[in-house]
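The following features are taken from Swiss-Prot:
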SIGNAL    1-23  signal peptide
CARBOHYD  Ser27  O-linked glycosylation site
CARBOHYD  Ser28  O-linked glycosylation site
DISULFID  Cys33-Cys57  disulfide bond
DISULFID  Cys34-Cys73  disulfide bond
MOD_RES   Met90  methionine sulfoxide
Amino acid sequence: MKVSAAALAVILIATALCAPASASPYSSDTTPCCFAYIARPLPRAHIKEYFYTSGKCSNPAVVFVTRKNRQVCANPEKKWVREYINSLEMS
């Protein structure tokens, strides 16, 4: 039994190593996806820019980039998020 388990492990590892890497069928989009949102607003003065996550992500999100280059996910439906976006667009 131990021999067959070891043989199975070797076969699985060899298969994983030999499998061709699949490229993205659409593009080399490196935009991150968000799986959780920040619970409360960030200080507006800490935010320098923003971007939206890709439409390929399961959760729509706005990613705020702070002055220290931290990326923070926010819910685009929240009022404070929309206000921050408007403020960034005006500046």
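Using N, Cα and C of the backbone, Cβ positions are placed for all residues, glycine too.
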**Study point:** Residue from Cys34, Cys73, Met90 whose C-alpha is spatially nearest that of Cys57 (disulfide bond), among the recorded positions
**Key:** Cys34
**Study point:** Fewest Cβ neighbours within 10 Å, where candidates are the recorded positions Cys33, Cys34, Cys57, Met90
**Key:** Met90
Exercise for review: Find the one among the disulfide-bonded residues Cys33, Cys34, Cys73 whose C-alpha lies closest to that of the residue listed as 'methionine sulfoxide'.
Suggested key: Cys73
Exercise for review: Name the secondary structure element type, per DSSP in three states, that contains the residue listed as 'methionine sulfoxide'.
Suggested key: helix
Exercise for review: Any same-chain residues 6+ apart from Cys73 (disulfide bond) with CB under 8 Å of its CB? Would you list them in sequence order, or say none?
Suggested key: Cys34, Phe35, Ala36, Tyr37, Ile38, Thr53, Ala61, Val62, Val63
